[in-house]
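Scroll down for the structure; my scribbles are underneath it.
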Amino acid sequence: MNIKHSKLEAINLDAYYGDFHALKSINIAMEEKAVTAFIGPSGCGKSTFLRTFNRMNDYIDGFRIEGQILLDGRDIYTDDVRVDELRKEVGMVFQKPNPFPKTIYENVVYGLRIQGIKDKKILQETCEKSLQQAALWNEVKDKLDKSALALSGGQQQRLCIARALAIQPSVILMDEPASALDPISTAKIEDLIYELKKDYTIVIVTHNMQQAGRVSDHTAFFYMGELVEYAKTKTMFTSPKDTRTQNYITGRFG
Amino acid sequence: MTNSEKNRRKDKAFQVFGIFCTFIGLVVLAIFLIDIVIEGIGRIDWDFLTSLPSRRAARAGILTAWAGTIWILVLSALIAFPLGIAAGVYLEEYAKKTKLSNFLEINIANLAGVPSIIYGLLGLELFVRIMNLGGILLAGALTLSLLILPIIIVTTREAIKAVPRTIRDGSFALGASKWQTVWYQVLPASFGGILTGVILALSRAVGEAAPLIVIGALAYVPFVPSSPMDEFTVLPIQIFNWTSRPQAAFLTNAAAAIIILLLITFLLNGIAVYLRHRQQKKIKW
Ligand SMILES: Nc1ncnc2c1ncn2[C@@H]1O[C@H](COP(=O)(O)OP(=O)(O)O)[C@@H](O)[C@H]1O
Ligand SMILES: [Mg+2]
C-alpha cells in the first residue's frame, strides 16, 4: 500500500511478556493525518502494539521489545528519548473513560500543569480550545469547576480526548474508545475522530467492524500476534486477500 | 429430618448465637459507660478542666493532663504523618517486589501488633537514654509515633491501592512522571483514606499510658507544658494515678477524667468517619 508520508512506523517489531511472544515481526507504516484502525480477535495483540507507540508498556514487568518504532523517522526506544517528551507528542485515550477525580477544568489543563505552565490565561484558553475541539465545550462551559466524575460516560470520554488534545500532540492513540459507550455517544466520538484527522494522526483499536469501516482510512488486521493484512479500509472490506481476514470480517470467528 | 431442614436449623441457631455474642459486647460496654458516667459526670465542671493537679481530690483538676494529651497528639501526628505516608507511598508505588520489600512488608504488619509497652522500652533506650532527651514531651511523642507508624503505613498503602490503575495510566499518558502522578493524582485521591487511618491511629495513641510511663512521664506535673522540651503528663496516666489511690473521691476524679478521655476518642473517631464518608461521596470510581 502506498503511504505518502509515514508518521509512525514499526520495523521488525517483536514484543514479549516474559516468555510469551505477543507481537511477531511486525512491519507497518502509518499515514500522517489519517485514521488507521487495528482490528482482530481479542488477545491478538492490538492493545500491546498500540501501547508501544507511547511506551505505556514500559511499566509492565517482564515486557520487552525487539525491533524499532519510529515517530517521524526517529526511533523512540533509544536511550536519549525522554518518555515525557514522547508522550507530549503521542497522546492516548483509553478504553474505559478515566477522568481524574478533579474538576473538568483541572482535567483538561493537567497536562499543562505538570509541564510547569502556571499562566492562567494560557490555561484557560487551552481549556476552552481543547473542549471545543472535543465537541464538549457547549455542554460543559457553565460547569468547568464541577467534578468530571459527574459527567456521563460519553462526555467523560470526550473530556479525556480534550485532555489529550490540550498538550498539542500530533498523534492520538485510541484503544477501543467507544466500547464502553451507548450508540449515541459512540456516534459522537466517531464524528469527532473524523474531525480530528484533519490535524492529527489517529490510530484506533476497535473490535467493531462497522466502526472501522466508518472512521478509518486504513485498516490493519492482526491475528495471534501477527499483522496479517494491511490495506485501505475499503479494499480490505471488499476484497480481503488472506482467508483469515476474510473469515474475521465476515464474522466467522472473533 | 431432611438435610436442608437441618441446615436451616443450624443457620437459625447460629443467627441467635451471633446476636447473643454481639449483645454481650454491647451490653458490657454500655454497663461500663453508664457506670463511669454516673460516677463522674457530676464532677466535671469548669474548675475541674482548668485546675492544676492537687493532693486534695476536691481541688484537683486535669488541666495539665489534657493539655499534655493534646500536645502529645499534635506532636505525634506531625512526626508520624509525613514518615508514615512517605513509607507507604514508597512501598506501594516505588519498591520493586524483591525479597527485601517482602520482608519489610511482613514486618511492618507484625509491628502493628507489638504490645505498646515494648515501644515504651524502645523509646526509653533510644530517645531518653541514647538521644538523652529525658522524659519530656518530645520523647513521648517520638515513642508514640513509633507505635502508630505501622498503622499509618498500612492504612496509607490500603488507601493508595484503592486508586485505580486507570488513573495512573491517564496521568502517565499525559507525560507525567511517577512523582507527579503520585503527588497530583494518587495522594489527593487517597487523602481521605490516609487521614482516616492517621486519625484512627491517633485515637489509639491517645489512650496509651504504659509506654509513656516507661519513658518517664510523670503523674504529677504542676504546670502546663509550653514547649516540646517540657515534662508532661497525659490523661491516661492521670487516670491510672487516681484509680490507684484508696480514697473514693479520687475514683470520682478518675471517672470524670475517663469521660473527658472518651470524649476526645469519640471526637477523633467521629472526624475519621466523617472524612471517610465525605471521600466516598466525592469520589466514585
Ligand atoms: N500485562 C500482561 N502480561 C502478560 N501478558 C499480557 C499482558 N497484557 C496482555 N498480555 C497478553 O498479550 C496478548 C495480547 O494482548 P492485548 O494486546 O491486550 O490484545 P488485544 O488488545 O488485541 O485484545 C494476550 O494474549 C494477552 O493475554
Ligand atoms: Mg485490547
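Using the three backbone atoms N, Cα and C, a Cβ is placed for every residue, glycine included.
Record features, source TrEMBL:
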DOMAIN    B:66-272  domain 'ABC transmembrane type-1'
TRANSMEM  B:16-41  transmembrane segment
TRANSMEM  B:62-88  transmembrane segment
TRANSMEM  B:108-128  transmembrane segment
TRANSMEM  B:135-155  transmembrane segment
TRANSMEM  B:182-202  transmembrane segment
TRANSMEM  B:209-228  transmembrane segment
TRANSMEM  B:248-275  transmembrane segment
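Counting same-chain residues at least six beyond the ends of the transmembrane segment (B:62-88), those with a Cβ under 8 angstroms from any Cβ of the stretch are 48-53, 108, 137-138, 140-142, 144-145, 148-149, 151-157, 160, 187, 194, 198, 201-202, 205-206, 212, 217, 221-225, 228, 232-235, 237-238, 256-257, 260-261, 264. Within its own chain, the transmembrane segment (B:16-41) is flanked in space by residues 251-259, 262, which lie at least six positions past its ends and keep a Cβ under 8 Å from the stretch. Between the transmembrane segment (B:248-275) and the stretches B:108-128, B:182-202, B:209-228, the greatest number of Cβ pairs separated by less than 8 Å involves B:182-202.
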